[in-house]
Amino acid sequence: MGRNRKQNGFAARKRQKRENGSNRPDHQALPYEEIKRDNAFFIKYYQLQKICATEEEWTQFLASIRDNLPTTFRVTGFRDEAKALLSIIETQLFTEYVRAVAELHQKAPEDVERPLCLPWYPNGLAYQLHLTRKDIRRSEPLYRLHNFLIVETTAGGISRQEAVSMIPPIVLDVQPTDKVLDMCAAPGSKTAQLIEALHAAPEEHKIPPGFVLANDVDNNRCYMLVHQAKRLNSPCLLVTNHDSSAFPNLLTTKPDGSKAILKFDKILCDVPCSGDGTLRKNPDIWLKWNLAQAYNLHGIQYRIVRRGAEMLEVGGRLVYSTCSLNPIENEAVLQRIIKDADGALELVDAGHLVPGLKYKPGMTDWKLATKEVDQVFTRFEEVPESLHTIIRPGMFPLPADEMAKIGLEKCLRVLPHLQDSGGFFVAVLEKRRQLSFEKNDVVEMVQLNETAKQPAAEPQVDENGKPIEEKSVPWGPQRKKRRLHGYKEDPYVFFGENDPDYEAIKEFYQLDESLSQRCLLTRCITEKKKNIYYCSDPIRDLVLNNENHIKIINTGVKTFVRCENRHTVHPFRLAQEGLQTSNAFMGASRRIQVEREDLVMMLNCTDPTQPPSTHELKKEISGALQGIGCILKYVDQRFTLYTVGWRGTSSLRAYVQKDETIHILRLLGADLSKFETNKYEDARVAAAAAADAEAGKSAEAEADSSSDGSATEFTSSGSGAVDVPVAAETTGTPMDTEVVATKS
């Protein structure tokens, strides 16, 4: 029987591969093959569109788009210490930058080009370095710059972002009172800018009355978005996972308690696109670029901006942007939505919001072509019938008289050669009146919401107890139910009235009455709360009114954390993440003002088992400390710093994560050498240790093979012990070297 059994083909192929494995080429050992930055279809198509005025400019455009993209970053502007960090960057960091670049390129320091401050970014908070990402990651002279960018990005002090990507949030002109929707938010760099603008006036609002709702259709990218936005620790952020082109109407509660459809003051539509404006950053696009991508994306881009226009408040502002240069994805989409709006939407000029930015006006005439750009069409009538499902009438430019009324020249077209950047397209729309196709179905939404809150009906079962599946009829319109992918999110459980945990926290931390108890929440249904989060009132209202018909990924900032042991006075400690919010509501008894030397000493203590003793601190500080939870306050001429303090029986430490610790120490002008790591030096030490260890093994193996049993004296440690050659025992060099290298 065994001989007649059918063989497993997969296993046979696997065995064959294993047997022939030694003859296969080692692709990993081959050098990386540089991508050829050329695409005949791309060049032919954009020459056809005449995106450059002259042949000379076209040559500059091609040279620029084939070059690598310089690195840019911006300082997080709403923080108190932003100016201090900017000063450190412009002096210490750029001095090190000049030295490192001079060493890298073997130039004199005076010949090194200084970093460029982007003239159009507000308050001079953004800089462009004349280095690529590859230069910074792979050049040892630049390791300090690389460390700085990583640490400060994680700590939330800066954000690494492509220069042209910063433009849409600026021209959206967000104010602290605005209700903002980011329809295609992931990975989150623009969302972070929107949050910064929302928190731009902390002296006027403890918590901004506005909010940012960040949405993305991709479940996995939503978590990337949360990771980016969480660095800013805003209680005014809500992250959702939904198809932007079919985003549902959301309910909000009016001051009189009635329900209404939520309309947004500002909407950002940074839609999916072919991405040919990012060729400098993503050279692999050269290999796969073709016109079919733009034709396929035009429809979804239109549906997203149309849905955004429906959800926009009258008088509100919508920014449409892509990282594409193609008029099919840009001007063609805008002319279509403006024509359909029939006067309800108007293009406005936003150039004054980015003074110093070099850009070209929007195109008013363009041509379409086949995928290979071998046939060119100026009118839909010229398109072969076989292409009618791909090339649509709305993609062609409108007649000249209609085009003049739209004003597409008000759009911003940023080309790579204009200021050594990526390519980008930005347009600003304002809503003058309600759209004719807009639906404000309040009653229906309320009914759906109430129905969704009802417990699910038990499934029908047959006589054997198995569930009966509903059978769809084979006629009539069939509509698939939309499935939300990804994990099921934990519930959002808000505090009720007279919550015992809140009363205890309020008494211990002397919380201000203006802190709304209703806005505290947990992510699990249990009597013993673990982490307590805080969100703003509008966010709470959004969650409670809409959690049943839209998938909410994340909201709230961690404010209190349960931490119980035999020395604790109170079961909840403060969380550093939420201090930016909770600090404004804390009582004076939990605030301790510290001197620079004391704060530096606490931050330099990286061993949690041996925190600084209170006896090492100043007497007035150690005498004032009572209980475990406190806020450490340091006042400088330039800024004020707050950190969470942890009070032990006779010790005090700053409860701050490593990257934020380095950020604060940098602001304090402290020595950072203990935190500075050189990955190249570490790799050399590890390689030397491995080589020494391998040499030791080879020497030992050679000694064993040449031994005849009498030439080498062996010692034994007793029954069952391993015999060790005396030579190895006396020298021990390979082993010692390995231990030292591991410790270093």
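Start at 1 and count along the chain as shown; that gives each residue its number.
Heads up, the Cβ atoms here are built off N, Cα and C, so glycines get one too.
Taken straight from TrEMBL:
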- Cys323: active site, nucleophile (ACT_SITE)
- Cys184, Ala185, Ala186, Pro187, Gly188, Ser189, Lys190, Asp216, Asp243, Asp270: S-adenosyl-L-methionine binding site (BINDING)
- 1-17: compositional bias 'Basic residues' (COMPBIAS)
- 18-30: compositional bias 'Basic and acidic residues' (COMPBIAS)
- 463-472: compositional bias 'Basic and acidic residues' (COMPBIAS)
- 701-711: compositional bias 'Low complexity' (COMPBIAS)
- 61-432: domain 'SAM-dependent MTase RsmB/NOP-type' (DOMAIN)
- 1-30: region 'Disordered' (REGION)
- 451-475: region 'Disordered' (REGION)
- 695-744: region 'Disordered' (REGION)
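This view paints the features noted in TrEMBL onto the structure.
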residue	record	CB count, 10 Å
Cys184	S-adenosyl-L-methionine binding site	23
Ala186	S-adenosyl-L-methionine binding site	25
Gly188	S-adenosyl-L-methionine binding site	27
Lys190	S-adenosyl-L-methionine binding site	26
Asp243	S-adenosyl-L-methionine binding site	16
Cys323	active site, nucleophile	25
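Separation of the C-alpha atoms of Cys323 (active site, nucleophile) and Lys190 (S-adenosyl-L-methionine binding site): 13 Å, rounded to the nearest whole number.
Residue pairs drawn from Cys184, Ala185, Ala186, Pro187, Gly188, Ser189, Lys190, Asp216, Asp243, Asp270, the listed S-adenosyl-L-methionine binders, are separated by up to 20 Å at the Cα level. Per-residue pLDDT, averaged across the domain 'SAM-dependent MTase RsmB/NOP-type' (61-432), gives 94.
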